[in-house]
Structure formats: structure tokens, C-alpha cells
Amino acid sequence: MDYVVRRNNLKELPHSLDYVSCLLHLSVCGIFGLLWMLLLHKFNGFCFLFSVRSSVVLKADISTISEHLDIGLTTGYLGSLTTFSGWNQKMLDLSVNGQWVYASLGFLCGKHIVSWPNWFCPITFSPLLWNLMEKVTTAKGFKGLLGDLKSRSTNQWSLKSYKSHLAVMIALLLVLGVLLVASGLLDAKEFRNGGSEAHLWLACFLAPLGVWIRWTLTRLNGRGIGKSGQFNWVPLGTLAANIGAASMMAALATVNTKNCDTVASGMQFGLLGCMSTVSTFMAEFHTMSPSNQLLRAFAYAAVTVVPSFGIGILIYCIPVWTKRCN
């Protein structure tokens, strides 16, 4: 999706500050999305699932309060919470161990589960299913809260004035500074002591960069190829982000020295994990599927999954298999 902040109100921020505000929202929400994903991944615990359709519906409600918050929560939080590159790498890990059936089911079942409309239920899932499903715990309640706020007073809660935008920017800048400084200090301490958590703090430090890259690439969505704009129905930005991040993650998975492995893992979780997204990918798939564009939806899914998995086989699985044979 191409998230562009509309500037219809003369009291809104100038273009430069408008852009900085988007980056701040993306950074803070992206880090929190990454932390929540890592927390759930660590405990393999309970998680609530809801369909991509719900995230699209939430977008309209969030934008009534702040379009920057809309960008932060959808592109930053949801995008970082659901990583396509991690999903693809999990399937490669299964394949490299000869579990081709599980890898195939992972792609097929995972795609259908997250595109099931209006499905919302708590379940316990295995590490395999962890990378197959979209995860947000408060979609229904958050939408209700937004509805209450909207019904009480839209003007009271919406951020339309220059001062309110500036106040939010200052608050986000402080929060981002605290998060980055804390991540940097903790990462340096763990890295120096050889701690196993060093890559997690490095991931938090690199997460904003991954979100910024993905957000920038989404501007290619809808433009098509060439001057004539052929294939403009293909979200080229999301496609490039997912395939690029999945390919680089597969390459980094071959690193096996101690210090390099810490840096590689941090880049995998933070930079590449936040650079790719399942939520936007499946939202775009779901937007195409109810209409007469069902073939386009499956073509888009195939163009995303097949190259990502195929490149991963070449640069990750084959070297691992060769090393085992030798």
C-alpha cells in the first residue's frame, strides 16, 4: 500500500516536518512491533489472530485521529510484527533438513489461514505456525476504542493543529532516543560479555532502518513498469521489499562464526525482519481476491513466494547440502 499523508489542512506540518513525523512514527511503532514479535516468539505462547481485512478496516478508523499514527501502526507496527523474510527462512530451514512436505504446507496453509476473512480466535501454535500467521492481539478492542473516541469528539482526539503535531513529534523523539540508547548500551554489554541476547538488542537498533526502507519502497506500488505503467496492479514496492529481504536473510543464515553470527542474527531480526512484511502482502492479496482479479491475486502470491524460496534454495540450502557432503 502506498501510504501518503494528505495535507489538506493549512494548519498541518510543513512538508519537511511532515516527512520527519512519518519517520518517527514508523521508527517507534516498528521497534515495538519487533519487541512484541520477539516476545511471542521466545515463549511460543498464546496469541490472538485476526484477518488482514481487519487491519484494512482499522486503517480508516485510525486515520480519523492521525494519519501519521495510521502509518505508524499499519506500516510500522503491523509490518514489523509479521515478517515475510522470517516466514520464508523458516520454510528454508525445513527444506534444508529434508522436510519438504512441511515446507510446502507452511506456504500453502499459512497463506490461506491469514487470508481467511474475519477470523479471530486464540490458539496455541508451534514454531512452524509462528511464521505463518499474522499476529495482533487487540484489533477488535482497539477498533472499539477508536469508535468510542470518534463518537465522543472527533475534533478533541484528532491531531490537526501544528502544535499538536509538534508535541507528538517531540514525545516520539524522546521515546525513540531512549529506545535506541538503551538498545545500544545493552547490545554493547552483551556483545562484550559474549551474551546470547546481543543480537536481540542489535535488532531493535536496526529496526527503524528496515521500516524506513520498506515504507520508501511502497511508493513504487501502483506505478507499474516503464512509461506506460504496465503491470501497475502488481505492488512492486512490497514485492521488492519481501524478495530482497528474504534473499539477504537466506545469505546471512550461512554465517556461522560467533561474532559474525551475532551481527548477522541482529540484521536478520531487525533490519530484514522489519523490511519485509506478511500483513501488507496478505492485505494486497485479500484486496484482489474478492473481485474478478482472483488470478492476479494468485499470480502476485506466486511471484512473491517462488522467487524468494528459489533464491533461498540457491544461496542457503545448496551450500549447506554441499558442506554436509564434503
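Positions of Cβ are set from backbone N, Cα and C atoms, glycine also.
Where the annotation comes from TrEMBL, it is an automatic prediction and has not been curated.
Here the structure is a predicted model, which means the values were calculated and not measured.
The transmembrane segment annotation in TrEMBL covers 20-40, 166-186, 198-215, 236-255, 267-285, 297-321.
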What parts of the chain pack near the transmembrane segment (267-285), using Cβ distances under 8 Å and only residues at least 6 beyond its ends?
1, 30, 33-34, 37-38, 52-53, 55-56, 74-75, 78-87, 89, 111, 114-115, 134, 199-200, 202-211, 213-214, 218, 235, 238, 241-242, 244-246, 248-249, 252-253, 297, 300-301, 304
Among 20-40, 166-186, 236-255, stretch most in contact with the transmembrane segment (297-321) (C-beta, under 8 angstroms):
236-255
At a C-beta cut-off of under 8 Å, are there same-chain residues at least 6 beyond the transmembrane segment (20-40) that contact it? List them, or none.
5, 13, 47, 68-69, 71-73, 75-83, 130, 135, 165, 168-169, 172-173, 175-176, 179, 200, 203-204, 207-208, 210-212, 215, 269-270, 273-274
